[in-house]
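Features as listed in TrEMBL:
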type	residues	note
BINDING	45, 46, 47, 48, 60, 83, 84, 85, 239, 261, 262, 263, 295	L-cysteinyl-5'-AMP binding site
BINDING	45, 243, 268	Zn(2+) binding site
DOMAIN	36-349	domain 'tRNA synthetases class I catalytic'
MOTIF	47-57	motif ''HIGH' region'
MOTIF	198-203	motif ''ERGGDP' region'
MOTIF	301-305	motif ''KMSKS' region'
């Protein structure tokens, strides 16, 4: 599948100190180093394309964009994979509600997502993979699990018609055979049961061995999309197996970081991990699980199902500078829940004006690239001042410590105040660092 257009990331002229970034691993409940090798592997769960990008989505992809930028600054080769769930119940339900073909709806929302990511200057993944294109791998994986005795059939209810070529059974993973189940979330069974039904699970399905057993393959029903499934019969994959197989194909087991929102901890990341481990026999799907906390509005989680959304595209259409949106997202640490407010956006807009003034740029300079900022803001051959070097060092230090973007913003604020009071253009190092590390164009 195609992906959105990349933004150039310029190298910083000051050598990286060699610090290894640490992030909070959900599975271990503590900060751990990630990306210690020359090549680092990152998988982030993508959107289900049935509505536009809201601030919760944007916060997630900006967070992992910063991680990718920090790794690149440290000289790492980043292999970043992101999926898009272009076949799933919410997509089909929205398409039916709106009287639109589900494929047309998915295409429309994916294109809008691309425009939002480009506007926010989020670097695209190396591989952007649709769930539909991964179905052959899903089929092979489920066939393997069936052959190993790790999957079992549940009969399709008599009231539901199946298509020609479909088996009259759905296939589920037998969690009783998976010793690592629960290792990602650390949740109790009661905690899992509380949310399973609301997050795509079917705890009340008759015939399942355990209420939490996840769906691997759904037999093709009349009126639903379905694909050739080999020995499984026509149907479509369950949600979790899609991410398992995409990650394994492009990254292999034991990759560095699995990322997403906290609402994916259970069941999605728990199930994706345990299914992948059942497929490849390796004890670890990912080395670390990193989760963006929920973004709310008026005290409630912002979500498509609730309809309480602040959309990136709506703000852009209203003339809001996308760099101000990105700064607002960076002003809250990824690990703590927060609410989007008009005041937060106004503060980000003020900060952007101050930074651009400090960089010697007009308010319209956001259309320029980082190289233009450096060329225009600094006299030829000028050397960075001690404060500029200190600012870069502080930015790198804060970002290496659990992606502390708010701390990095404070360091730049101090530089901007100095630049204003000193009334000198500086070397251009800090605007370049802001662009390269934070993804904010001045």
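Placement of Cβ uses the backbone N, Cα and C atoms for every residue, glycine included.
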Cα-Cα separation of residue 268 (Zn(2+) binding site) and residue 239 (L-cysteinyl-5'-AMP binding site), in Å?
8
Any same-chain residues 6+ apart from residue 295 (L-cysteinyl-5'-AMP binding site) with CB under 8 Å of its CB? Would you list them in sequence order, or say none?
54, 55, 56, 59, 301, 302, 337, 338, 339, 340
Distance between residue 243 (Zn(2+) binding site) and residue 84 (L-cysteinyl-5'-AMP binding site) at the Cα atoms, whole Å?
9
Near residue 47 (L-cysteinyl-5'-AMP binding site), which residues of its own chain have a C-beta under 8 A away, given they sit six or more steps off in sequence?
53, 57, 84, 85, 109, 110, 113
For the motif ''ERGGDP' region' (198-203), the DSSP residue counts stand at 2 helix, 0 strand, 4 coil
Under a three-state DSSP reduction, the secondary structure at residue 295 (L-cysteinyl-5'-AMP binding site) is strand
Neighbour-count leader, CB within 10 A, binding-site residues: 84, 243:
243
